[in-house]
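Take a look at the structure below.
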Amino acid sequence: MEISPFVRDLPKVELHLHIEGTLEPDLKFKLAERNGVEIPYKTEQEVKDSYQFTDLASFLDAYYEGMRVLLTPQDFYDLAMAYFERVAAQNVRYVEMFFDPQAHTARGVPFHTVISGLHRAQLEADRRFGIKSGLIMCFLRDFQAEFAMATLLEALPYRDWIIGVGLDSDETGNPPEKFAEVFARARAEGFLLTMHCDVDIKNSVNHIRQVIETIGVDRIDHGTNIVEAPELVAEVKKRGIGLTSCPISNTWVSDSSKVELIKQLVTDGVEISVHSDDPAYFGGYIAENYQRVADEGELDNAFLANLARNAVRSSWATPMLKQEILAEIDATEKRYQQEA
């Protein structure tokens, strides 16, 4: 995919990014060799060829299989730094990255191992690239709520390193309300809240209603099925709840990129923005997702700039950093207008 100069230069904020989903085949092989982990592939191309997903469940199988090579703080540092290096070239200015500690602690990797490696990479990315970032700890919804609560309590000593909590993994049979007590405790501890409401799943609208009315989230991940319930569209606008959409990954786990729904929600005044989800598996980082929206939706630079502003506004960055990035977006848009 060819990235336009405007998309390349546009200052970006990434809010929907699973750091374990940035494990590229070359790093997977490197870590497997370093840690003595056997993987069922001989070449990087074989790994890429195995990424043939038909739904969320088939993606998750590959996603969790890939994590087996992540064992040490250095592994998690290398994983995050590889992502930061890549998106620095796409003018990403701020990132809120998900991490899935239960997927690691369940296989014997300590919580501290995971978060210490990621935190060190965050500090290095700020120093080397000027990319500031925050961590969002996601609970896996296909585990029991008691495990999520235990993970939340284990995370409390690292409270200053984590800005919020989220909910991801297999949504089928695992509604948001299953974790209401966990998220209430997280809110009481001062964490911001978001939850995945995956596209086109059974009971999607009901799940969106739960995250708004029962959980009281600050943001919704995916969530484009909200267009089926105009009263919920009105409610997220009223409450200032942003949505994070991932067009390229949508094409792998549903019947389309949902670009038309993104356009509709922007027109309706919803603070929806565009992100990459699990780019190593779905074949596109944030710039590729912006370009997909631009090409498929036949959208101009002004629309893309507004998507970028939506990401800034619905982020959990400091007010000062938000103002700084918004000014950079304005300046970039103005420069391209003058050059046109």
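Just so you know, the numbers here start at 1 and follow the chain as drawn.
Placement of Cβ uses the backbone N, Cα and C atoms for every residue, glycine included.
TrEMBL entries are annotated by machine, without manual review.
Database features, via TrEMBL:
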DOMAIN    11-331  domain 'Adenosine deaminase'
BINDING   His16, His18, His196, Asp277  Zn(2+) binding site
SITE      His222  site 'Important for catalytic activity'
BINDING   Asp278  substrate binding site
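When the binding-site residues His16, His18, His196 are screened for a C-alpha within 10 angstroms of the C-alpha of the residue listed as 'substrate binding site', the residues that qualify, in sequence order, are His16, His18. A gap of 6 Å separates the Cα atoms of His196 (Zn(2+) binding site) and His222 (site 'Important for catalytic activity'). Cβ neighbour counts within 10 Å, taken over all protein chains shown, single out His222 as the most crowded of the recorded positions His196, His222. Note: Asp277 (Zn(2+) binding site) has non-local neighbours His16, Leu17, His18, Gly21, Cys246, Ile248, Ser249, i.e. same-chain residues 6+ apart with C-beta under 8 A of its own C-beta. Cβ proximity to the Zn(2+) site centre (mean Cβ of His16, His18, His196, Asp277, cutoff 8 Å) flags the following additional same-chain residues: Leu17, Gly21, Phe98, Asp168, Asp221, His222, Thr244, Cys246, Ser249, His275, Asp278.
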